[in-house]
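Trainee: Dumping the structure here so I can ask a few things about it.
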Amino acid sequence: MSDYKSTLNLPETGFPMRGDLAKREPGMLARWTDDDLYGIIRAAKKGKKTFILHDGPPYANGSIHIGHSVNKILKDIIVKSKGLSGYDSPYVPGWDCHGLPIELKVEQEYGKPGEKFTAAEFRAKCREYAATQVDGQRKDFIRLGVLGDWSHPYLTMDFKTEANIIRALGKIIGNGHLHKGAKPVHWCVDCRSALAEAEVEYYDKTSPSIDVAFQAVDQDALKAKFAVSNVNGPISLVIWTTTPWTLPANRAISIAPDFDYALVQIDGQAVILAKDLVESVMQRIGVTDYTILGTVKGAELELLRFTHPFMGFDVPAILGDHVTLDAGTGAVHTAPGHGPDDYVIGQKYGLETANPVGPDGTYLPGTYPTLDGVNVFKANDIVVALLQEKGALLHVEKMQHSYPCCWRHKTPIIFRATPQWFVSMDQKGLRAQSLKEIKGVQWIPDWGQARIESMVANRPDWCISRQRTWGVPMSLFVHKDTEELHPRTLELMEEVAKRVEVDGIQAWWDLDAKEILGDEADQYVKVPDTLDVWFDSGSTHSSVVDVRPEFAGHAADMYLEGSDQHRGWFMSSLMISTAMKGKAPYRQVLTHGFTVDGQGRKMSKSIGNTVSPQDVMNKLGADILRLWVASTDYTGEMAVSDEILKRAADSYRRIRNTARFLLANLNGFDPAKDMVKPEEMVVLDRWAVGCAKAAQEDILKAYEAYDFHEVVQRLMRFCSVEMGSFYLDIIKDRQYTAKADSVARRSCQTALYHIAEALVRWMAPILSFTADEVWGYLPGEREKYVFTGEWYEGLFGLADSEAMNDAFWDELLKVRGEVNKVIEQARADKKVGGSLEAAVTLYAEPELAAKLTALGDELRFVLLTSGATVADYHDAPADAQQSEVLKGLKVALSKAEGEKCPRCWHYTQDVGKVAEHAEICGRCVSNVAGDGEKRKFA
C-alpha cells in the first residue's frame, strides 16, 4: 500500500500550541526594551492626530495590587487601540511622591525630622524612599505589558514639576481664588500642635454622656409642622453628646433629611427625637409614660431655630448625611470649630467656625464666666452643672468609649479650628464655572456626571495647606502684623519656582527672605505650610501635560481611574484647572469599579481572598490577566478569583488555537506571489473574509466606545462560531488534499491570510504578547511590530446582489446545523462512526432546494459528508427528520456507498478506478497526478 501522506498539505508552523506565557513573556519584554518599542511607535505615529490619556499618578508606596493592574491595563488597551486607529497616543506614566505615608515610613526607619536628622536630611530620605518605591512599581507595570515612556515618567517630586506646582498655585492666587480661614484639625494640647491622622491613636476613655434639650424659638411653627395643637409644655429638640465641653461652640443641630422625627409628649414638656430611637431614649432617661403626638421627615424641620441652653443665642436645625441611628437621639450637636463633619456642614450653611479654645486646651477669655481659663477636659462637670441649673439636662451618665489620643503623649486630643489656606469655591465663581465645565465632559459611565456634579455643588472650600515636612511649599510671604500676602506675591513665587527648578523644594527652606525681599524681609515671614498632596496630582494637567514635549501643547483627552476618584483626582484636577484656566482639564473621564472576589466580597488580607497580580503573571502570564480585565464589564464591580482566571485562560486557548490554525495553514504561502484576486476566489472563502470584515466593524466600534468586554465577546464569537465550528472545519479537506499550488487551495490561504492580518490587530491592544508572537510568524513583508501599524484595510465581502451572498451562507449554516443533529443521532445509534461515513438527502421546498442545488457536488463539502443530494420536500420518506429551524427542510441519512479513500477519507464509488493509483479516489488522483480539482463554491 502506497503512503500518500507526503502528497497532503499538512499544517505546519513553529508557533507553539501552548502559550507558556509566564515563561515566554519576559523574553518578549526584553526584546521590546532592547528595541525601544515605545520609541519606534512614537516615530511611526509622528504627525498623526493626537489622543492623550493622562496617567493619574499612583502613590509611590508599596507593591502594586490587582486594582493597580486593572487601571494600567485599561489605559494600555485604550492607548494601543488608539494607535491602531491612526492616532499618535503617547503615554507618560506618573507617580505621586510627596505626603504623609512616605513621611511615616521614613520616620519609622530614621525618626522624626528634628530628632536625629535635620528637616533637610529628612526630606532627602523621603525623596530616596519614594524613588525606590517608584522603581519597584515600575517593574511590575512593565511586566503587565503596558507600553509607555517608563524611562522618563513624571514624578511629582521632579524639581521641574515641583516648580510648576508652585506656579499653578500662583496662577490660582492671581485669579483671586485663595483665602485664609480656619478649619478643625486634630490638636494635641501637650504638643501644642496639629496632628496628622496617622499621628492619632485610639484608647478607651470615660466621658459624661448627656441628653440636652434645645427649646424651640417658635413653638407654634413646630406645632404646625407636626399638625398638633394639644401639646403640654414647651417643645425641644434633644441632642446627645459625649463631649459636653464643646457645647459653648455649638452653632447648630444636625438632623437627617430622610429620617422620621417624632414629637413625644413626656411629663410637662414635648421632645423631638428620631422615631426609631424613641424607645431607647425613653429607657435611658427613665420615662415610661409617653405619647407620640406626630411625626415628620427631618427635611421639614430645616432652619427652624432653637435656643442654646446657656450661651444666650439661637441655633438652626440643619440637614446632614452624617447623622445616624446607631446611638443618641437622631439630632447631632454641631460645633464647626470642633469636628470635621460639623465643619463641612457648617461651611454648607455658612455657620461661624467658633473656636473658644486656646492652643493650651483652655477656654479663651470671654467664652463664658465660669469656663474662661478652664482646661476643656476639666470643664465637662461645669457644663453638666450649668445644663442642670438651666433645666436643659434630660440625662447624664458615665460612658466608656474609644477616644483619639496623641501617639507621643498618649493623652486625649481635641479637634480645634486653626488657620489654614483655602481655595474658595464661591468668591470668584469657581463652583459655578466647574459645574458648567462638567457638562462639557463625556463621563463614562454616564452616571459619573451626576456624581461629580453633586460633589462640586455641595463641597466646602478646599483646604490646601498642610503642616508637613515632605511636600511642596506654599512659597508665600505674609506680613508679620496684618498677615496679608506680600503685594508682589506672584513675582516672588516665580522667583522661588526658578530656584526649586534647580534645587528642588529644599530651595524654599534654605531661602533667606532677604535674598528676594531685601529691606522688606523684616516685615514679612515665610509661610511654613506645604500643599495638600491632592494639589500636587491635581495640577499635573499644568505641571506635566502642558510642558511635556510629546504632548505638544495639547490638553488631555482622557482621565481614567477608579470610581473613588470622583472625589479625588478628577475633583482636584477640575478645581485647579478651572481656577487656573477657566476650563476642565479633560474631555472624557472613564471610571472603573473596584475588584471583588468570586462571591462579590471586597478584597481583604484578613479574609485571604486577595489575588496578587504578580502571582497571576508568574503562573498564567500577563496576557491572561489582560484578557480577564478586558472581558469584565468595568463599569461595575470586577470579580476575580482563581476560577474566573481559569475561565479567562480557557477563552485564551480558543483564540490562540484559532491563530495557530491560521498560521499552520499559511505554510508555504507567499502573499506577494500566491494571493488570489477576490473575484477569482472560491465563494465560501470570500464569505469568510466578509465575516472578518463584519467582525472588524463591530470590534472597532466597541474599541471606540471603550466596551472592551464587547470586543472580547465578538472576538470569541468569530473564533468559536463563525470560524471554528463552520469555516475552518469545512476548508480542511480542500486545504489538505487539493493540489498545493491550485487556485482551490491558494484561494483558501488568501482568505486565511486576510483573516490572520485582521485578527492579530484585533488582539493586539488586549493580548499584546500573543499578538506580537503571532505577528512574528505571519508570512510576507511587514513592519517589525504590530503596534506601529493600523487596523487591517484589506478585508472585503460578498455583495448583497450576488446569488450566494451573506444571507445565502447564513441559511447554509442553518442547514448544516440541522444535518449535524441527524448525524449526531446516527452516531449515537451506532449507524455511522463519523460524518464522512454518511450520505444525506435534503428534502427541501423549491426556494431552499434551488439554493442547495446551486452548490452542485460541492454541497457535500459544506456538510462534511461523503454524499449529499437534494430532493422535493414532499417526496420525503416517513423517517426523514423535520427541521425545527427551517420549516421547508427534512433530512434523511444513509450510510455512504463505496469505499473509503485512505487519502481524503471520503467514501466514493471510484476508489481504485485508475490503475497507477489503485488505492485512492478519482478526485485525489487528479490532485496528486493531474490538473487538480476545481472548486467554485466551497
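Backbone N, Cα and C atoms are what each Cβ position is placed from, and that goes for glycine too.
The shown structure was predicted, so the numbers you read here are calculated from the model rather than taken from an experiment.
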Trainee: From 22-26, 482-486, 602-606, which range did Swiss-Prot mark with motif ''KMSKS' region'?
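Mentor: Per Swiss-Prot, the stretch marked motif ''KMSKS' region' is 602-606.
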Trainee: Looking at 58-68, 410-420, 641-651, which one does Swiss-Prot call motif ''HIGH' region'?
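Mentor: When 58-68, 410-420, 641-651 are checked in Swiss-Prot, motif ''HIGH' region' belongs to 58-68.
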Trainee: Would you mind reading off the Cα separation of LYS183 (N6-acetyllysine) from CYS904 (Zn(2+) binding site), to the nearest angstrom?
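Mentor: Each residue's Cα considered, LYS183 (N6-acetyllysine) and CYS904 (Zn(2+) binding site) end up 85 Å apart.
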Trainee: Does anything in the same chain, at least 6 positions from CYS924 (Zn(2+) binding site), have a Cβ under 8 Å from its Cβ, and if so what?
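Mentor: Residues satisfying the criterion: TYR4, THR737, CYS901, ARG903, CYS904, HIS917.
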Trainee: Sequence gap of 6 or more, Cβ distance under 8 Å: name the residues on the same chain that satisfy this around CYS921 (Zn(2+) binding site), in order along the sequence.
Mentor: CYS901, ARG903, CYS904, HIS906, THR908, ASP910, VAL911
Trainee: Same chain, not part of CYS901, CYS904, CYS921, CYS924: whose C-beta falls within 8 angstroms of the C-beta centre of the Zn(2+) site? Give them in sequence order.
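Mentor: Everything else in range on the chain: THR737, PRO902, ARG903, TRP905, HIS906, THR908, VAL911, ILE920, GLY922, ARG923, VAL925.
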Trainee: Could you tally the C-beta atoms, other than its own, that fall within 10 angstroms of the C-beta of CYS901 (Zn(2+) binding site)?
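Mentor: Taking all protein chains shown, CYS901 (Zn(2+) binding site) has 24 Cβ neighbours within 10 Å.
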Trainee: I'm checking region-level scores; what's the whole-number mean pLDDT for the motif ''KMSKS' region' (602-606)?
Mentor: 80
Trainee: Most Cβ neighbours within 10 Å: which of the binding-site residues LYS605, CYS904 is it?
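Mentor: Of the binding-site residues LYS605, CYS904, the highest Cβ count within 10 Å belongs to CYS904.
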Trainee: Which of these recorded positions has the least crowded Cβ, counting other Cβ atoms within 10 Å: LYS183, GLU561?
Mentor: GLU561
Trainee: Between LYS605 (ATP binding site) and GLU561 (L-isoleucyl-5'-AMP binding site), find the distance joining the two CA atoms and give it rounded to the nearest Å.
Mentor: 23
Trainee: Which state, by DSSP, holds LYS183 (N6-acetyllysine): helix, strand or coil?
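Mentor: Reduced to three states, the DSSP call for LYS183 (N6-acetyllysine) is strand.
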